[in-house]
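A.B. asks: According to TrEMBL:
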- H149: active site, nucleophile (ACT_SITE)
- K151, K377: substrate binding site (BINDING)
- H375: active site, proton donor/acceptor (ACT_SITE)
- S400: site 'Interaction with DNA' (SITE)
Amino acid sequence: MYDDVDYINPNTGTDNVWQHTKGNVNKKLERAEPYRFFLSPVDCDPSTHVENLTLSFAELLDKSLGDLEESLHINLIINLKWLYEQYRITGQKDKISILFHSCDYELDELKKIPNLSYKQLRLPNLFSLQQSNFRFKQTQPQNQFYSHHSKLSMFAYSDGSIRIVVMTGNLRKFEFTNITQGFWVSPKFPLKNEDDKSDGDSKTGFKKDILRYLNSYNNIPLLRSWIQKIEKADFSEANVFFIPSIPGKHLEPMWGHQYLKYILKTHACIPFGQPSDWPIISQVSSLGIYGDSYKNWLLSELVESFSQSTHCSTDKAVNFNIFPTMDNILNSWDGPVGGSCVLYCDEVHQKQTWLKNYMRKWVSNSRNRSKAVPHIKTYCRISPCNTEMSWFLLTSANLSKTAWGKKLWQDRSYTISAFEVGVLFLPQFLTGCNTFSLNQKQNNGRSPPFPLHFDLPLSPYSSTDQPWRVDALDS
């Protein structure tokens, strides 16, 4: 497999975005304040390559961001050739560690990589490989029904600082070519001063929550040094909340939609109108099984949690779900091939056709991504006039019980079946306002409007539109 590829070829590899920003990516991040929310570039649309809020993976490795000492990628799927190439072209090779669930290459093939040692570990079925400073472990959750779906990267620098990146893409070329992905990129969190006796956390508790998440892996050796790096760092400048899910049965509201519910009830503001008039908009790349009615899990659990705010009303908001239509996918840059990363099947849809009443088309003309299949996953709550937003969540979690959790009514506990991570944007912590502005013309001197990645107003499905199902092409 490795004889005829450029995995170790020093004369190949490029990046259409990074070539415009090489040595200046730090300035791009600064210009993106206070949100630091980016979309991936679209190969087929060169206009996206020079947008201020486009970010390629290679740009995360630009030397203007610091003297990179080590990096860690926690993800579902890794293409080692592609990932290694990103490090090679930016001059950062041999500074990678990975924790992942599955790999695009067979493990037997990995033995063929020069200078690569291979060792299979048990408990809980980890695979460890090492090439110079290139290390990775494959994790298979002990329960066969659990999944490892998080998309989290961390970068450690020689001055002791650390940077966190939450994204929505698996680390493979296909998902960073003509697909819409999202990134949140933190500032560099510096090493705490020796005389600083504080916990080094922010008002959002970001440090506490990411440590809770990493410690949930039950002392995997690869993570120990990263936990120590985070413990020593000053996260006081973190202006978003870290929203994790981990598999298992839970009693405390510290994971999944139960944790999001707690934060929204404490901080989310609905400044005018009735809360029920502010819809919740989910935009995902995979749909789950919800039962024969909207009133089942979607309304009774997820929407109930997402409807929380500081407002005294207990009315639930309506939930609209942006999900590509068949035409969205067939007319995308990659056609039906692009739909391979959008998961929904016809058999499930035929049992919940009521869902179509709540579905909206993928339209992103304002961000030049209408033809770039959305693998990004977001949730937000928007005013009825489409000019204000109460909160915004970028996450790996799709619209499913697996990702968010399901209540067990007999003992008030809840179960989650996946590792997930996300970041929650609340305006009080980013702009000092009650809501995010979505309208440049009516901004009135406030902070920059939030760079929403889909168009408003939403576009309902027509009577002939159908949600994308890969197995419906032959039906």
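A Cβ is built for glycine as well, from the same backbone N, Cα and C atoms used for every other residue.
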A.B. asks: If I take the alpha carbons of the residue listed as 'active site, proton donor/acceptor' and K151 (substrate binding site), what is the distance between them in whole Å?
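C.D. replies: With distance taken Cα to Cα, K151 (substrate binding site) is 12 Å from the residue listed as 'active site, proton donor/acceptor'.
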A.B. asks: Can you tell me the CA-to-CA distance separating K151 (substrate binding site) and S400 (site 'Interaction with DNA'), as a whole number of Å?
C.D. replies: 17
A.B. asks: Using C-alpha atoms only, work out the spacing between S400 (site 'Interaction with DNA') and K377 (substrate binding site) and round it to an integer in Å.
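C.D. replies: Cα to Cα, S400 (site 'Interaction with DNA') and K377 (substrate binding site) are separated by 12 Å.
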